[in-house]
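Visitor: Got a structure here, written out as structure tokens. Questions coming.
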Amino acid sequence: MLRLRLSPTFSVGFHLLAFVPLLFSHVDLISADTEMEGEGNETGECTGSYYCKKGVILPIWEPQDPSFGDKIARATVYFVAMVYMFLGVSIIADRFMSSIEVITSQEKEITIKKPNGETTKTTVRIWNETVSNLTLMALGSSAPEILLSVIEVCGHNFTAGDLGPSTIVGSAAFNMFIIIALCVYVVPDGETRKIKHLRVFFVTAAWSIFAYTWLYIILSVISPGVVEVWEGLLTFFFFPICVVFAWVADRRLLFYKYVYKRYRAGKQRGMIIEHEGDRPSSKTEIEMDGKVVNSHVDNFLDGALVLEVDERDQDDEEARREMARILKELKQKHPEKEIEQLIELANYQVLSQQQKSRAFYRIQATRLMTGAGNILKRHAADQARKAVSMHEVNTEVAENDPVSKIFFEQGTYQCLENCGTVALTILRRGGDLTNTVFVDFRTEDGTANAGSDYEFTEGTVVFKPGETQKEIRVGIIDDDIFEEDENFLVHLSNVKVSSEASEDGILEANHVSTLACLGSPSTATVTIFDDDHAGIFTFEEPVTHVSESIGIMEVKVLRTSGARGNVIVPYKTIEGTARGGGEDFEDTCGELEFQNDEIVKTISVKVIDDEEYEKNKTFFLEIGEPRLVEMSEKKALLLNELGGFTITGKYLYGQPVFRKVHAREHPIPSTVITIAEECDAKQPLTSKEEEERRIAEMGRPILGEHTKLEVIIEESYEFKSTVDKLIKKTNLALVVGTNSWREQFIEAITVSAGEDDDDDECGEEKLPSCFDYVMHFLTVFWKVLFAFVPPTEYWNGWACFIVSILMIGILTAFIGDLASHFGCTIGLKDSVTAVVFVALGTSVPDTFASKVAATQDQYADASIGNVTGSNAVNVFLGIGVAWSIAAIYHAANGEQFKVSPGTLAFSVTLFTIFAFINVGVLLYRRRPEIGGELGGPRTAKLLTSCLFVLLWLLYIFFSSLEAYCHIKGF
């Protein structure tokens, strides 16, 4: 399970955090009493009030002045309810971020026209990564803070409140100091993480600091204590301006105007990636949204766009090769694992190595935190099960089929001419086996004729109750005439069912189909092989394709048009583009011996599996001239098998000589024997014998049409299809998205093991821990409730986006009321409650997400790069929208929208100063002695983390002092 491991420094910091509000609360009680005695009138400004105001949704808990015990009870209820609401917001934000991931993963197809006129298609993402991070991604991670500010203003008659703005500033401080401090510390010792897109980081950091400086300017400089309409609107419009500036920096549009850009397809899912290059020498066109754009003429995207098609193909091939390499390594590392487990491991490894968005890490952190399990491992396991199930499709008749199916066991049968009879098996599957089923059969001529080649047969087969298999026999007529192989057909027809329910025992034809019918195959083909010829020897086909993963390839050599006598057929392999000697296949040669009446033999060749994604190599398998085994050779072979005789290759008196070996290790004088032929070769032949010899010559074995088989070794179909499926399924939007409500409800009620993300492999399935069960049961209400949110599959994620943000708004309204009532119950001001408790609660999922991103990602962008952008968006959207609405409302009524500059202006100024220190330290850490913003030597990590935690504690400390008038603000 993912845990937030904190150093002693962090532990001390959080203990101080809990102590500070209580300290000031106690001090304020004393000062409040003193001021009341001295008729002070500033207690409302400088102390927390114990009198609560009606919330946007929640009413006031009466009576307003409870006893000390009741205050503790009320504070506990408010605090627990607030924490539970934070859990709910985290879970619905998980759905919200899933929809954002799906939306920003949308692609469009473009057509590339090559110089030779050929066209090819590829896909590009619609959303720019930087734009999506600053808009939808930032909105997703900061939605509670933004909505809290808007709801607070709108819910309190468009008057300014402390909770929303203070939450935004407090959340920004927590993100800037605590989250970055944690990310610096959790990177393993000696490792570093750098920000990849430094230009974008500079722009967003500058805008983040400017955003809070701008708040100070409009509150304390331009129009102190009043927010005018143009100030609110300009604050809001800074948001799209910030996005444009970040996009310009990302695209290098201002600084690299005249640097020609070259575009190639990325390794992940055919995405187009930009890199700088020389002016193109050839003309390339690209079609987007149905229009062909000539990059040489139109200077597409402020640079000459060159879509290097060859390089794109190479990168696609490289991605597949990488996937194939991973599968091969896993197979070698885990030879005992099944294909499902190997696919799961490969899928998880590829997804783990893939660059991930901020949304993904936020979703992953929330699900691990709430007992929903590791989404990467769950997705990998699901895909593996689906992939294996695709290979295990069973086409047989289901046993629970209500209709009985009657069919032949196989569609083709073979027999020799001298076999006497051929047996055909009829099967019965499914339906009610207590019924009696009748089925008619009859033979039909093919190339074989009834009466001369086989016996015409017809009849009825009866399946009694419980019987599932029957056998019928057809007589085969033998003759001594050389003839081609012939065939005839056997048909099934007229299925009838008998049951006790029917009056006459036989059901009517129009009722039979509901109980029994013919299955497939209902016709069998019987081939009769002639046995009067020694045979024609051939391969089944001239070319065969085999998978390199086949291992031992077996090739059939057929003996047609006769099967009389013993025949030896030599064979050998011949190299083509495939090499023998164990490189692509093992060289094979030998002889096949067909016994009398034997019609099929197999040749085995070992194919070497080197698991290439694409392979197309050939070799040949050739059979030589067949020869009849003469009587002497036949006897020698028999003696060799039984008694250890070998052929010497010598002749005595015209007869072959055989040597019997008594012992191989200690030879003794051998015995030489001769076997005389039954006939004398020198004796003249009679006319009858001459005719017999002529007939015998006609019946000698010969080669058929296909004597040289071309074997094409291809990549393993299973291996290739597995790689292709993994390539298609490595889209993170598919991992975090959902397709149906059923899937969402199953996921909501299922508790999964939250395994450590440090694991490189899935390993064996683990059971959920006690912590997983506790968190699951604490959050199961929210999980089931938010399972009603539309799946991300609908409207390309927009349906889920809209419903989720409405849900977040409702929960945020409850959180605002609970936080305000909690603060007033214990005497804390809203500004302090917001900075400490609400900001912490809304930032916990981001803390987990950044921790995971810091340890898993190659760069620091996903962990801290979005912090600065998110802070700027919080101000421009959260405060800009809320204050614009309120300023317009008051201006329409002829009033001014007044905002007290004191606490907020002080907090903003303090945060801005500390933020400069934070960014300066991060940039200094890029020096070679440390190597990056995150990680580095242990001493440097500790010093940096301690400094950032100290900055945050100082921010909380001074903000609280100012809020309670212990120091003077602005």
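Even glycines carry a Cβ here, placed using N, Cα and C.
Feature list, courtesy of Swiss-Prot:
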SIGNAL    1-32  signal peptide
TOPO_DOM  33-71  topological domain 'Extracellular'
TRANSMEM  72-92  transmembrane segment
TOPO_DOM  93-133  topological domain 'Cytoplasmic'
TRANSMEM  134-154  transmembrane segment
TOPO_DOM  155-167  topological domain 'Extracellular'
TRANSMEM  168-188  transmembrane segment
TOPO_DOM  189-201  topological domain 'Cytoplasmic'
TRANSMEM  202-222  transmembrane segment
TOPO_DOM  223-228  topological domain 'Extracellular'
TRANSMEM  229-249  transmembrane segment
TOPO_DOM  250-797  topological domain 'Cytoplasmic'
REGION    251-270  region 'Putative calmodulin-binding region'
BINDING   E417, D478, D479, D531, D532  Ca(2+) 2 binding site
BINDING   E417, D453, D479, E483  Ca(2+) 1 binding site
BINDING   D453, D479, E483, E486  Ca(2+) 4 binding site
TRANSMEM  798-818  transmembrane segment
TRANSMEM  822-842  transmembrane segment
REPEAT    839-875  repeat 'Alpha-2'
TOPO_DOM  843-871  topological domain 'Cytoplasmic'
TRANSMEM  872-892  transmembrane segment
TOPO_DOM  893-903  topological domain 'Extracellular'
TRANSMEM  904-924  transmembrane segment
TOPO_DOM  925-941  topological domain 'Cytoplasmic'
TRANSMEM  942-962  transmembrane segment
TOPO_DOM  963-970  topological domain 'Extracellular'
Visitor: Within 10 Å of its Cβ, which one of these binding-site residues (E417, D453, D478, D479, E486) has the largest number of other Cβ atoms?
Guide: E417
Visitor: Taking a Cβ cut-off under 8 Å, which residues six or more beyond the ends of the transmembrane segment (202-222) line up next to it in the same chain?
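Guide: Same-chain contacts beyond the ends: 134, 169, 172, 231, 235, 238, 242, 245-246, 249, 865, 868-869, 871-872, 874-876, 879, 899, 901, 904-905, 908-909, 911-912, 915-916, 919, 970.
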Visitor: Restricting to the same chain and to residues at least six past its boundaries, which positions have a Cβ under 8 Å from a Cβ of the transmembrane segment (72-92)?
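Guide: Same-chain contacts beyond the ends: 61, 66, 144, 366, 369-370, 778-779, 782-783, 785-786, 789, 804, 807-808, 811-812, 814-815, 818-819, 821-822, 825-826, 837, 841-842, 844-845.
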Visitor: Average the per-residue pLDDT over the topological domain 'Extracellular' (155-167) and send me the rounded value.
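Guide: That stretch averages a pLDDT of 80.
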Visitor: Please list, for the repeat 'Alpha-2' (839-875), how many residues fall into helix, strand and coil according to DSSP.
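Guide: DSSP composition of the repeat 'Alpha-2' (839-875): 33 helix, 0 strand, 4 coil.
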Visitor: Once the DSSP letters are reduced so that anything not helix or strand counts as coil, what is D453 (Ca(2+) 1 binding site)?
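Guide: It is coil.
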Visitor: Counting Cβ pairs under 8 Å to the transmembrane segment (942-962), which of 134-154, 168-188, 229-249, 822-842, 904-924 comes out on top?
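Guide: Between the candidates 134-154, 168-188, 229-249, 822-842, 904-924, the best contact partner of the transmembrane segment (942-962) is 168-188.
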Visitor: For the transmembrane segment (229-249), find every same-chain residue at least 6 residues outside the stretch whose CB is under 8 Å from a CB in it, and list them.
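Guide: Sequence-distant neighbours of the transmembrane segment (229-249): 128, 130-131, 134-135, 199-200, 202-204, 207, 211, 214-215, 218, 222-223, 869, 872-873, 875-877, 879-881, 883-888, 891, 897.
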Visitor: In three-state terms from DSSP, label E486 (Ca(2+) 4 binding site) for me.
Guide: strand
Visitor: Which bits of the chain, at least 6 residues beyond where the topological domain 'Extracellular' (155-167) starts or stops, bring a Cβ under 8 A of a Cβ in it?
Guide: 55-56, 145, 148-149, 227, 813, 816, 819-820, 829-835, 838-839, 842, 878-879, 882-883, 885-886, 889-890, 897-900, 903-904, 907
Visitor: Cα of D478 (Ca(2+) 2 binding site) to Cα of D453 (Ca(2+) 1 binding site): how many Å, rounded?
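Guide: D478 (Ca(2+) 2 binding site) to D453 (Ca(2+) 1 binding site), Cα-Cα distance: 7 Å.
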Visitor: Counting each residue once, how many in the topological domain 'Extracellular' (155-167) are helix, strand and coil under DSSP?
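Guide: The topological domain 'Extracellular' (155-167) comes out at 6 helix, 0 strand, 7 coil.
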